[in-house]
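According to TrEMBL, the feature transmembrane segment maps to 6-28, 35-54, 60-82, 94-113, 205-226.
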Amino acid sequence: MIESQALQALFYLFSSIALISGVMVITAKNPVHSVLFLILVFCNAAGLLILLNLDFFAMIFLIVYVGAIAVLFLFVVMMLNIKLAEINESILRYLPVGGFIGLLFVFEILLVIDNDLIPVLVFPESSNHVFSSGLLGVLEVFFYKLQGVLSQSPGEYRKDLESLLSNSQAYGLPSTSISTYTEWALKTQSKTNIEALGQIIYTYYSLYFILASLILLVAMIGAIVLTMHKGVHVKRQEVFEQNTRDHSQTVHKIGKLSNAFK
């Protein structure tokens with residue numbers, strides 16, 4: 001009881017700080033303060049993920065968003081010379097568009113709450129669940145299998161056996177006594193969320209994983225090719241060629257100035 005109350009208090013604490021920090025991100029006049037509040041939002045979101053026993057996702061959230069993206073935003077904002085007067089003018093200018101996008105986001109949240117559009121929250125217990133088509137269906141099947149791997153326990157097989165025997169007796173079939181035993185290996189092999197995620201990604205969704213890696217590889221190669229493009233009329237300094245030149249072939253001796261002007 002005390003543990004559940006502590007978890008509930010931590011949930012309200014992380015949620016309230018995340019909401020307040022999110023509001024401060026869009027209302028702060030100093031862009032550096034906005035980025036700092038954004039980092040605070042990410043940290044509290046990682047705390048919520050830890051409360052959901054998703055420690056791996058929480059660490060990835062901190063490493064990717066706080067360690068890379070938020071720090072990049074902070075350095076970019078600090079290097080830019082942004083005046084507060086320009087920020088105040090831009091706030092008043094983009095207020096209608098921002099308000100419309102905010103209302104649209106609230107409307108989408110109200111549509112998603114208590115709905116089956118979130119595949120990770122609720123799944124019916126029957127196996128006759130019809131999944132959606134397209135990308136949403138792929139996500140539903142992914143989270144459905146992930147939830148099934150995480151919820152595996154040794155007692156599930158005995159429950160299925162007992163239900164099978166009870167149904168056979170209800171339909172007038174001869175009852176069968178089956179001896180049961182304890183599989184200690186199943187009790188010791190408990191899967192963490194990292195193992196379950198790896199089992200799902202590298203087995204059922206290995207093709208999608210390979211396609212995602214190829215897309216990232218193409219994006220990386222494309223960025224390198226675009227940055228290494230050499231223009232004909234662009235002036236640049238070739239440091240390697242300058243260091244490897246032979247001075248005996250480039251330095252020429254000339255006569256004295258007096259002889260030069262004769």
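Using the three backbone atoms N, Cα and C, a Cβ is placed for every residue, glycine included.
Automated prediction, rather than curation, is the source of TrEMBL annotations.
Remote same-chain partners of the transmembrane segment (60-82), defined as residues 6 or more beyond its termini with a Cβ less than 8 Å from a stretch Cβ, comprise 31-32, 34-36, 38-39, 42-43, 45-46, 49.
Tertiary neighbourhood of the transmembrane segment (6-28): same-chain residues 34, 37-38, 40-41, 44-45, 47-48, 51, 98, selected by CB-CB distance under 8 Å and a gap of 6+ residues from either end. Packing against the transmembrane segment (94-113) from elsewhere in the chain are residues 26: each is 6 or more residues past its ends and has a CB under 8 Å from a CB in it.
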